[in-house]
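J.: Next up is a structure, given as structure tokens.
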Ligand code: SAM
């Protein structure tokens with residue numbers, strides 16, 4: 001059963017780090033005048049109205065994008081993120097990963113958006129029309145199945161965002177299996193996998209992301225993890241931060257992410273901190 005709705009979390013600290021990183025990957029692909037394909041396996045609703053009943057229930061954006069939106073940034077990646085976000089925030093909207101991809105891609109590039117939840121898929125379809133994107137492919141299907149079916153792209157340049165809700169413990173293993181299958185058919189795939197950092201309260205899920213990253217690193221491709229924590233990891237903290245495992249990262253994405261996070265982390269609270277760790281490097 002699918003019960004997760006991203007609207008409750010739109011624009012929170014986890015969205016900020018995830019969307020910064022995804023923008024960094026896309027910006028690098030755009031440096032060459034050659035087409036690329038983007039895959040978003042868990043797209044969500046695409047665009048979020050921050051003053052509606054869902055987003056305003058817990059107002060998670062107040063501890064995320066709202067804290068950084070007015071920053072006059074030095075980091076080029078952060079400047080791009082803030083400029084894109086502020087275009088939406090002026091209408092009290094936050095762009096989900098589909099809106100970000102659609103805004104950044106060029107006419108020569110291809111975007112595949114997958115979403116399994118029927119109501120979220122319908123909202124995603126509407127959101128793409130709202131932002132004027134009639135070219136991208138909006139699929140109502142399982143993101144892992146779709147990803148395997150649609151890769152490798154031709155030409156084989158591109159990137160994948162895997163951003164599951166992790167409602168079930170088995171989803172951590174689903175991610176590893178999907179990444180393994182994609183790399184077997186598309187070795188150059190640049191892949192960004194988001195994961196939550198959960199305290200002991202989450203039971204078996206609390207150490208699951210660490211195990212997942214170890215398994216992803218064991219696939220042998222260059223990869224780093226970047227984690228942003230906003231609270232101390234006390235037993236009751238719940239989700240105290242989140243991380244990204246980036247496989248086949250583009251040249252200097254680690255540097256761009258450090259520059260951006262050096263600027264925003266102090267704004268996210270006195271307990272906020274980030275780490276960036278290479279798990280596997282190129283031989
Ligand atoms: N990537 C989005 C963003 O950054 O704006 C947020 C996605 S949200 C965290 C996860 C989404 O995955 C939910 O909308 C959920 O309905 C959807 N979902 C869950 N399982 C799925 C599956 N197997 N395939 C595709 N979508 C799935």
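From the backbone N, Cα and C atoms, a Cβ is placed for every residue, glycine too.
Just so you know, TrEMBL annotations are computer predictions that nobody has curated.
Heads up, here are the entries from TrEMBL:
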{"type": "ACT_SITE", "residues": "163", "note": "active site, proton acceptor"}
{"type": "BINDING", "residues": "19, 42, 97, 115, 142, 143, 163", "note": "S-adenosyl-L-methionine binding site"}
{"type": "SITE", "residues": "4", "note": "site 'Interaction with substrate rRNA'"}
J.: Would you kindly give the Cα-Cα distance separating residue 4 (site 'Interaction with substrate rRNA') and residue 97 (S-adenosyl-L-methionine binding site), rounded to the nearest Å?
T.: 16
J.: Give the distance between the Cα atoms of residue 4 (site 'Interaction with substrate rRNA') and residue 42 (S-adenosyl-L-methionine binding site), rounded to the nearest whole Å.
T.: 11
J.: Cα within 10 Å of residue 163 (active site, proton acceptor) is the criterion; apply it to the binding-site residues 19, 115, 142 and give the hits in sequence order.
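T.: Passing the 10 Å Cα cut: none.
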J.: Secondary structure at residue 143 (S-adenosyl-L-methionine binding site) (DSSP, helix/strand/coil)?
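T.: Helix, per DSSP.
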J.: Report the same-chain neighbours of residue 42 (S-adenosyl-L-methionine binding site): residues 6+ apart in sequence with Cβ closer than 8 Å to its Cβ, ordered by sequence.
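T.: Long-range Cβ contacts: 114, 115, 143, 161, 162, 163, 164, 165.
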J.: Counting across all protein chains shown, how many other Cβ atoms sit within 10 Å of the Cβ of residue 19 (S-adenosyl-L-methionine binding site)?
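T.: 24, counting other Cβ atoms within 10 Å of residue 19 (S-adenosyl-L-methionine binding site).
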J.: Cβ-Cβ under 8 Å from residue 142 (S-adenosyl-L-methionine binding site), same chain, 6 or more residues apart: which ones?
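T.: Residue 142 (S-adenosyl-L-methionine binding site) has long-range Cβ partners 114, 116.
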J.: Here are some recorded positions: 115, 163. Which one has the most Cβ atoms within 10 Å of its Cβ?
T.: 115
J.: Across all the protein chains here, work out how many other Cβ atoms are within 10 Å of the Cβ of residue 4 (site 'Interaction with substrate rRNA').
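T.: That number is 16.
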